[in-house]
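Let me begin by presenting the structure, written as structure tokens, before commenting on it.
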4 protein chains.
Amino acid sequence: MFCNILGKIFTISCFGESHGKVIGCIIGGCPSNIKLSNIDVQIEVNKRKPGISKYITSRKENDKIKILSGIFNKKTTGAPIAIIIKNNDKKSRDYDNIKNIFRPGHADYTYWNKYKNIDFRGGGHSSGRLTANIVSASSITKKYLFKNYGIVFKGYVKQIGKNKILFESWDLINFKLNIANIKKKNIIKKYIKYINKIGDSCGANINLIIKNLPIGIGNPIFDKLNSRISYYLMNINAIKAINIGNGIKGIKYKGSKFNDIITKKGFKTNNSGGILGGISTGQDIKISIFIKPTSSIKIPQKSINKFNKKVKFIIKGRHDTCIGIRILSVAESMLSLVIMDFILNFNSYKI
Amino acid sequence: MFCNILGKIFTISCFGESHGKVIGCIIGGCPSNIKLSNIDVQIEVNKRKPGISKYITSRKENDKIKILSGIFNKKTTGAPIAIIIKNNDKKSRDYDNIKNIFRPGHADYTYWNKYKNIDFRGGGHSSGRLTANIVSASSITKKYLFKNYGIVFKGYVKQIGKNKILFESWDLINFKLNIANIKKKNIIKKYIKYINKIGDSCGANINLIIKNLPIGIGNPIFDKLNSRISYYLMNINAIKAINIGNGIKGIKYKGSKFNDIITKKGFKTNNSGGILGGISTGQDIKISIFIKPTSSIKIPQKSINKFNKKVKFIIKGRHDTCIGIRILSVAESMLSLVIMDFILNFNSYKI
Amino acid sequence: MFCNILGKIFTISCFGESHGKVIGCIIGGCPSNIKLSNIDVQIEVNKRKPGISKYITSRKENDKIKILSGIFNKKTTGAPIAIIIKNNDKKSRDYDNIKNIFRPGHADYTYWNKYKNIDFRGGGHSSGRLTANIVSASSITKKYLFKNYGIVFKGYVKQIGKNKILFESWDLINFKLNIANIKKKNIIKKYIKYINKIGDSCGANINLIIKNLPIGIGNPIFDKLNSRISYYLMNINAIKAINIGNGIKGIKYKGSKFNDIITKKGFKTNNSGGILGGISTGQDIKISIFIKPTSSIKIPQKSINKFNKKVKFIIKGRHDTCIGIRILSVAESMLSLVIMDFILNFNSYKI
Amino acid sequence: MFCNILGKIFTISCFGESHGKVIGCIIGGCPSNIKLSNIDVQIEVNKRKPGISKYITSRKENDKIKILSGIFNKKTTGAPIAIIIKNNDKKSRDYDNIKNIFRPGHADYTYWNKYKNIDFRGGGHSSGRLTANIVSASSITKKYLFKNYGIVFKGYVKQIGKNKILFESWDLINFKLNIANIKKKNIIKKYIKYINKIGDSCGANINLIIKNLPIGIGNPIFDKLNSRISYYLMNINAIKAINIGNGIKGIKYKGSKFNDIITKKGFKTNNSGGILGGISTGQDIKISIFIKPTSSIKIPQKSINKFNKKVKFIIKGRHDTCIGIRILSVAESMLSLVIMDFILNFNSYKI
């Protein structure tokens, strides 16, 4: 519960600003002897990289990662692993016109009131760019959890704006849109192009799944699996709501329908989302997240500035029309950090 | 991030089982010189007390609280405050027939698999009864936060089963149903009676509001206000989804509509739910929680037992038809614990 | 790092005042299926019980313990274990004459200045009596660590006042004086009687040993084994200095003498006290603690009171002439809490 | 209580290896609007820089620091501050002959057994070089605590090997030897030269003082001021013993002598070292630390290697004859980190 650190046994400490020299993180409590190369980390980071498609921001970061410590003979040593990512493609001048303005939907207003000194360029420390650290750290956790437990983190975009996108198959995932429905591809493309053209933005709903999580992960009363998942995910900027299993729809069910019947072959349904009493059931963990429309839009907006004067302004810079698409990889990565910490805690009780 | 402890500066450590001698908690890091009597605590605990109306469980706990430490001259001393609540009205025999059965929707299955030794009576440690500790601790936090900052925690039931219940006025709150709409009273009463009669249960949706929270409460990147709120609330057993501001509905908005315009007189709208970049804006904090239908139903159910045999059984005991109604006071109390810890952290930076 | 909680995975939360109704603790993160009865706990608590010999305080607490939760079928369930100890033999009137006085050597002055409301009776929350919680919790940790790893915690009093007491044999430990030297018994007895007769008190030096600790326990840079041991032990009131291995004497050594040579059969010496780079070597962990003379003496003393007036007073009540003797069992217990938490963390990395 | 993170409100996360590219740290929870330049940090780091005198290691690090984040308009923003220090003067080849050897006194043996993959060059992650991070972070804490509270951290070397060095005056501090006695300068110089010449090393005893600490800093039962001070200091590699006030000598005192009498003008003595019941008294905080002789010596030594073979070897590289001298600045810095975290916690209770 620290302002820039996540985790209890497996920790990640972050720093950085959107337009600073670098952003980075330190990973503590990491098991030794995990093979880890720059390429392993780079592959993960590339998944959220901006500038890879027309539908997301055209800011072109190479997002070149660099491991500064914790590796010897190409394997982790148990010592902290520091990973940094350079910020090359900074157009700080894009922000000159808004440096004293509180952009609606952004953290400018709250940061200013809290700290009275903020790096306004590209959102500074509050920028979504810092989630690249989460993704870089996940190169370790995803690898470790898959190799040792077969645990996998997956997800797909389920709705963009008002457009529901039926899940058809994991095989059909479109990596530019992260949807699992081939027929909807063009409709969604067109929709995003349209929203982009009018200078606006749109929200999204994403489904996330953790597969092969053993039974027994999580804790009773406090630090429940669902609590910690929510805690980690809610730290991703644009996520405004979290749903476990059939939580939202389920309030309309009767108990006799919502209760998942247990048979000798396992559970018949999964309304619980794979968590009962804060502890994993061995089923798929099912989470749904709701992502607000990107705050940065190109339409002229009104606001006030630090001197409490009315202002009218336009946000320049390059921004995702639907940030939800790109958040998928961050959310999957976050989940891998949660599970890593829980798995290590779970193992504590082995003799 | 401990299995039975919440908080960083202001902590609460809990223990207890539904059918044990007592349940209780220890409050650490409490400011000194807060007036606190048994009655202050009792008043809060009574708000969630079972057995107060026909619509909730008829288990009749006196829920008599006892303060064991931390008070001198009727005021807190800064030393840990231990509060226990006796369990008098235990009908453990009600549980004899199900002691080896994994009740659907309950933690029996996961606890058993994790610990291989569980107190099955009334849910043991996983029982919702333990939330009485949260409510008892909130007698301190609510008092402190209201007296020193005017902060208030409120809420109302917004939907029960499929019945939406429009908010009309705080003055109309019905304390048996926790709805804010006088006209809907009878419809809801009838609905719950019907569900109860058929031995089933129903879910609920609750709106929660924090009023008068200063600007600047929360943290950037991690330990955001919304993260910690979600973490604490998700620890309440039946809560399956959390929504901040217009999070769920908001995915259908365009950015130009979702962004809350800031004027010289304040924000024009509150889609953000009073949180931007993880930090409070000074507006009302708006949270919505989704509560699953009570897992204990009187309808005969199928399951398996610890010996992996099929079983058919009936849950006896007394249970809320709609646990959501009673969770309101717990959720308000949880929010007061979150805010207490954050306010103390916020004050750290005063010189 | 909480004001009333110790531990990271295995936690203990404490409360109580010397003259309150009860003192107690909650143990969190405890493995399930450890056999635990009231008697197991009572045996440990009795080891530090006051009133068992002429050389220590004559306050006669039965120190009757009561387990409130976390046990089912005589074994731990993984749920928090609450243990309370009644305070029966309170002579609060002994404290009436000193209620506004800052007793030298006691926490009265600092508590008053920090909290402005203190329970003065018997030291209130600052009383050494609270260490009974540590001892009660150790009934679990000692058992678990011995059964699963053969780890043992031992110690002996090495010096009382100016009297050095050579260690002769563990078999010769005198449980009233906790010395390991049969010949010195009468000298020490006489010395303590004399100090007691003149109304004064004396300090002590204790050696502590952890046997059979596996190699690899502890952490690099921070949270070193020696760091955490020091952190826990320094929380025992009268301990003012901690020495690991030959730390104090060792500053006079040359490096060539201090360095412990490693051979194929193990280490030749143990100047390091069994810890290198913050991690256990597999040798005995050797710690020495220095305990100040009991602050409560019967000789008339001068001080000031809360109203900043000069006062002359006599401390009544019953107090240990040499608190060091009784601290031994507390220190051993504390070590078992440290090691428990570390062993669980160590196991985290098992797959 | 993390393997690479210190602090509760004000945190420092560290990484690095002696012969890696860089070492560094991230500072979290830092107040905003503290003026901080590269030079401010550099000045502090230079205080512990190797290669500044004949009496300490001749390894010549420029120890050039670089601030990567958290500063805007030359002041802290409240966002995490990352500071790195380059490792330029690496002679990794010096370590080729010992790469499989467990050097006596070093962490090689324990690290290898714990992690099975270690960076042997210059001690890797266990190197004292990492304490440069502590010193760089202290540039912030020392500044903040002095400016806002007048708090100062000081110390002097009190004994080197068997040579006691009387404290004469703070004005006489010799910054090459860190002793406060002008007459002893030549004796000590000669002694160190002699020890260096014979290829050996020597230990030291240091006195540390915190001046102007307000009354009330620290916590009751757990997380006492003395506990946390010990925890932080013991994380500095060569420190093997810690003494608060007259702790060690004090065991020979009677209580009537050890108790510090409180008068209307303050305390008459300071045997407690400025801490009663875990909380500061407003007096000087007095701490004494015992530092073992540098483990790296030039005399040929015997040991075993990773393959359990006997070896004879010589440590090359450049090492401090008496590491104690250079540890002084690290210890002062550590104390400033402890106090920073406590002061922020103390302020939490301001309204």
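Note that Cβ sites are derived from N, Cα and C of the backbone, with glycine treated the same way.
B:ARG48 (NADP(+) binding site) counts 24 other C-beta atoms within 10 Å of its own C-beta, drawing on all protein chains shown. Classification of B:ARG48 (NADP(+) binding site) by DSSP places it within a helix. The NADP(+) binding site annotation in Swiss-Prot covers B:ARG48.
The feature FMN binding site is assigned by Swiss-Prot to B:HIS125, B:SER126, B:SER127, B:ASN237, B:ALA238, B:GLY277, B:LYS292, B:PRO293, B:THR294, B:SER295, B:SER296, B:ARG318, with sequence analysis given as support. For B:LYS292 (FMN binding site), the same-chain residues that are 6 or more apart in sequence and have a Cβ closer than 8 Å to its Cβ are B:GLY105, B:GLY203, B:ALA238, B:LYS240.
Sequence-distant neighbours of B:HIS125 (FMN binding site): residues of the same chain at least 6 apart with a C-beta under 8 Å from its C-beta are B:GLY16, B:GLU17, B:SER18, B:TYR111, B:ILE118, B:ASP119. Here the binding-site residues are B:HIS125, B:ALA238, B:THR294, B:SER296, and the ones sitting under 8 angstroms from chain C, going by CB atoms, are B:HIS125.
Counting in whole angstrom, B:SER127 (FMN binding site) lies 14 from B:ARG48 (NADP(+) binding site) by their C-alpha atoms. Each of the binding-site residues B:ARG48, B:SER127, B:LYS292 was checked for a CB under 8 angstroms from a CB of chain A; the ones meeting this are B:LYS292. Taking a C-beta cut-off of under 8 angstroms and a sequence separation of 6 or more, B:SER296 (FMN binding site) has the following same-chain neighbours: B:ARG103, B:GLY105, B:HIS106, B:SER201, B:ILE315, B:GLY317, B:HIS319.
With respect to their backbone Cα atoms, B:ARG48 (NADP(+) binding site) and B:THR294 (FMN binding site) stand 16 Å from each other. The Cβ of B:THR294 (FMN binding site) lies under 8 Å from the Cβ of B:SER201, B:CYS202, B:ALA238, B:HIS319, B:ASP320, B:THR321, B:CYS322, B:ILE323, each of which sits 6+ residues away along the same chain.
A sphere of 10 angstroms centred on the C-beta of B:ALA238 (FMN binding site) encloses 24 other C-beta atoms.
Residue density at B:SER127 (FMN binding site): 24 other Cβ atoms are found within 10 A of its Cβ, drawing on all protein chains shown.
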